[in-house]
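Structure first, commentary second.
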Amino acid sequence: MLPVVVVHGGAGHVPKEIAELSTIGVKEATRTGYAILQKGGSAMDAVVEAVALMENNPRFNAGRGSVLNVKGEVEMDAMVMDGRTLDSGAVSAVRRIANPVQLARLVMEKTKHLCLTAEGASKFARSMGVPEVPEESLITDYAKMRWKKNLEPDANPVECQMGKMGTVGAVAVDKDGNIACATSTGGMINKMEGRVGDTPCVGCGGYADNNIGAVSPTGHGEAIMKVTLSRLILFHMEQGKTPEEASDLALTYMKERVDGLGGAVVVDPKGTWAAQFSSLQMSWAAAQQGELHFGLYHGEHFVEPVQENI
């Protein structure tokens, strides 16, 4: 059953043409992560590279496709977690960084802290030789259009997300049985300057523990934070639930308790995985035993060879 990698491109509701491109993107990211695992690479290597690929894809709300805050600027969050040691690294409200997930990994590996924010994260990035990119390179015409459309004072923050896939993330188990997760996001459309969502928060925007499994969620960040969604899913798995059952229980609770929609990709130490969501759509893909699994709508589960198109 090992290795395995599972990727999501965000929960939401987008037009058909954008959804199709999102599906292509998660399949590409999954193939990339799986190739690393097949060559003996670590789960951490796999999830970081899979997420970085989606950060570079303007179809996703992360990195180069990030949504804009109320001032029309890009502020991004990302996190990684190592299930072997429970080490984690995160960045929040970072600007002019092409791949926040890679910076989050540097926070984990090169500092004693778990999260750096805003200008402090930028200073750390410079000290690590991470190049800054022009903010314009991270802003797409589509993001500008969504920003302008949702400037009205009565715009609903959840409905504003419709039309753009949300947070991206990945979970993996490598050949050695080590587990990792990575999550990255541009946040919520027209958010207040300085707003930080669930993504960089351990137990909310991700969690990985070799003894239980790993989770990377997507959806309305404030709702995810209120129920600590990632840790809640793993709690249910500790009680004996499968990744699919645990995800459904936690997502149902989030909907009933705080009226939040979302989704998650989950894996356990044996390689059993799930991609569940309460939103209308969630682009997802998984690679295991030479097969690529993927879907977008509820009930969809397509399978093709991983090696196809490589």
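Keep in mind that glycine also has a Cβ here, set from the backbone N, Cα and C atoms.
TrEMBL does not curate its annotations; it predicts them automatically.
Counting only same-chain residues six or more apart in sequence, the Cβ atoms lying under 8 angstroms from the Cβ of Thr167 (active site, nucleophile) belong to His8, Gly10, Ala11, Asn61, Ala62, Thr183, Ser184, Thr185, Thr199, Gly205, Pro217, Thr218, Gly219, Gly221. Residues annotated as active site, nucleophile in TrEMBL: Thr167.
Sequence annotations record features per position, and here TrEMBL assigns substrate binding site to Arg195, Val196, Gly197, Asp198, Thr218, Gly219, His220, Gly221.
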Per-residue Cβ crowding (10 Å cut-off), top of binding-site residues Gly197, Gly221: Gly221
Among Val196, Asp198 [binding-site residues], residue with fewest other Cβ within 10 Å: Val196
